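Trainee: Just dropping this structure here.
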Amino acid sequence: MKVLVINAGSSSLKYQLMDPATRDVLAKGLCERIGIDGRLTHKVPAKDQKFEAEIAMPTHAEAIEAVLQALTDSDHGVIASMDEIDAVGHRVLHGGMAFTESCIIDDACIEAIKECIPLGPLHNPANLMGIEACQKVMPTKPQVAVFDTAFHMTMPEKAFTYAIPYEYYEKDKVRRYGFHGTSHRYVSARAAALMGRDPKGLKLISCHLGNGSSLAAIVDGKCVDTTMGLGPLAGVPMGTRAGDMDATILEYLMGRYGYDIKEMLTILNKKSGVLGISGVSSDFRDLESAAAEGNHRARLALDVFYYDVKKYIGAYAAAMGGVDGIIFTAGVGENAAGTRMAIASGLEYMGVKMDEEKNNTRGKEAIISADDSKVTVMVIPTDEELMIASDTAEIVSKL
Ligand code: AMP
């Protein structure tokens, strides 16, 4: 089955055409500057081919048309016609409490995604634009929504409840939701396979460390806690996002500088995290270089990041009553051996023993703990597109 995976942002749209059974990626690419002018980058991995073009994209519908044109082009296309696409899978950020798993997109599903807009005000409208564009351009293709929040819906009440007046949960659905769920779901299933264990009976901590970062505690293949919250601003410090902090800081800084809430949130979302501490960059490679050259704030930013990730690993081991496996994934987790070492060192007391040589790996599945480590530490490259394509194929095959 060939599935077109779509991840629509407000002015961009990423796509991948793949066969989830064989994991073959036939083509992938990116539409940018939608609503401004329009630019397409299209890649065919099997032929190492790249095609770039300026194409007018006043709306997401023209972007999807450009994608279909590229996929069927006589030079850089990979299919003869649109008929070869069996289904479309969409990444949707916020499924609120309505979605515990992926689902076929029908009118009720669209209504429910719309109802989640107040919870995901930046992403859900963009995701809906992607869905509506595909419905317009490919009206007969079945479409599936895969939610970033769905995997976390198994969290127990005690893990998702905030200690604020309960009516805000009852009336306004204020609770921990968590994100990166598709990634945590994928890597935790792969981890069980790599360990040769059934997910049942397994306690895992998944560390998705990228530009955005979150950790998840997973028991029996189900999420029991995660670091992000109502939105993706909570948890460990990130590239530019603050992570957990004392809400008093908002009042204090807003009072001192006259910021309104929008300005304050821009600071916390875009100017904080390791960028905010270091003043150097949000990119971990830049921070490592600057720290190696003696830049104190770059060193401090990395230390704060390592420390907070380590603290959450300890917290989740306590919450689960132990841990069998720790997973590192996403840009930093998959590539930065030094970061993994810095986080995992000092955890010997809970049975983590790293193997320096095995840890010297990048971007491929590997066990990086010593053979006699009680806790298996792993690198598992995430593949959210494969997960979206697999869910789509599974749901569509049952129609
Ligand atoms: P992601 O959001 O998953 O795409 O991850 C992006 C982050 O991964 C950026 O901050 C990059 O600096 C980081 N990253 C990618 N490769 C490396 C590397 N070799 N060492 C350290 N960080 C890396």
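Just so you know, glycine gets a Cβ as well, placed from its N, Cα and C.
These came from TrEMBL, pasted as-is:
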type: BINDING; residues: ASN7, GLU384; note: Mg(2+) binding site
type: BINDING; residues: LYS14, HIS208, LEU209, GLY210, ASN211, GLY212, ASP283, PHE284, ARG285, GLY331, VAL332, GLY333, GLU334, ASN335; note: ATP binding site
type: BINDING; residues: ARG91; note: substrate binding site
type: ACT_SITE; residues: ASP148; note: active site, proton donor/acceptor
type: SITE; residues: HIS180; note: site 'Transition state stabilizer'
type: SITE; residues: ARG241; note: site 'Transition state stabilizer'
Trainee: What subset of the recorded positions ARG91, ASP148, ASN211, ARG285 lies within 10 angstroms of ARG241 (site 'Transition state stabilizer') at the C-alpha level?
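Mentor: Cα within 10 Å of ARG241 (site 'Transition state stabilizer'): ASN211.
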Trainee: Take the Cβ of GLU334 (ATP binding site) and count every other Cβ within 10 Å, whichever protein chain it belongs to.
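Mentor: Its Cβ shell of radius 10 Å holds 23 other Cβ atoms.
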Trainee: Which one, from the recorded positions ASP148, ASP283, GLU384, has the smallest tally of other C-beta atoms lying within 10 Å of its C-beta?
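Mentor: Selected from the recorded positions ASP148, ASP283, GLU384 on minimum Cβ neighbours within 10 Å: ASP283.
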Trainee: Closest of the recorded positions to LEU209 (ATP binding site), Cα to Cα, picking from ASN7, ARG91, HIS180, GLU384?
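Mentor: The smallest Cα gap between LEU209 (ATP binding site) and any of the recorded positions is with HIS180.
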Trainee: Those binding-site residues, ASN7, ASN211, VAL332: which ones have a Cβ sitting under 6 Å from ligand 1?
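Mentor: Passing the 6 Å Cβ check against ligand 1: ASN211, VAL332.
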Trainee: Using C-alpha positions only, work out which of the binding-site residues LYS14, ASP283, VAL332, GLU334 is nearest to GLU384 (Mg(2+) binding site).
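Mentor: Comparing Cα positions, the closest of these binding-site residues turns out to be LYS14.
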Trainee: Here the recorded positions are ARG91, HIS180, ARG241, ARG285; which one has the lowest number of other Cβ atoms no more than 10 Å from its Cβ?
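Mentor: The recorded positions ARG91, HIS180, ARG241, ARG285 were compared, and ARG285 has the fewest Cβ atoms within 10 Å.
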Trainee: Which whole-number value in Å describes the distance between the Cα atoms of VAL332 (ATP binding site) and ARG91 (substrate binding site)?
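Mentor: Counting only the Cα atoms, the answer is 22 Å.
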Trainee: What's the number of neighbouring CB atoms sitting within 10 A of the CB on ASN211 (ATP binding site)?
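Mentor: That number is 16.
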Trainee: Looking at the recorded positions ASN7, ARG91, ASP148, HIS180, which has the shortest Cα distance to GLU334 (ATP binding site)?
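Mentor: That would be HIS180, the closest of ASN7, ARG91, ASP148, HIS180 to GLU334 (ATP binding site).
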Trainee: How big is the Cα-to-Cα gap, in Å, between the residue listed as 'substrate binding site' and LYS14 (ATP binding site)?
Mentor: 10
Trainee: Tell me whether GLU334 (ATP binding site) sits in a helix, a strand or coil according to DSSP.
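Mentor: The three-state answer is helix.
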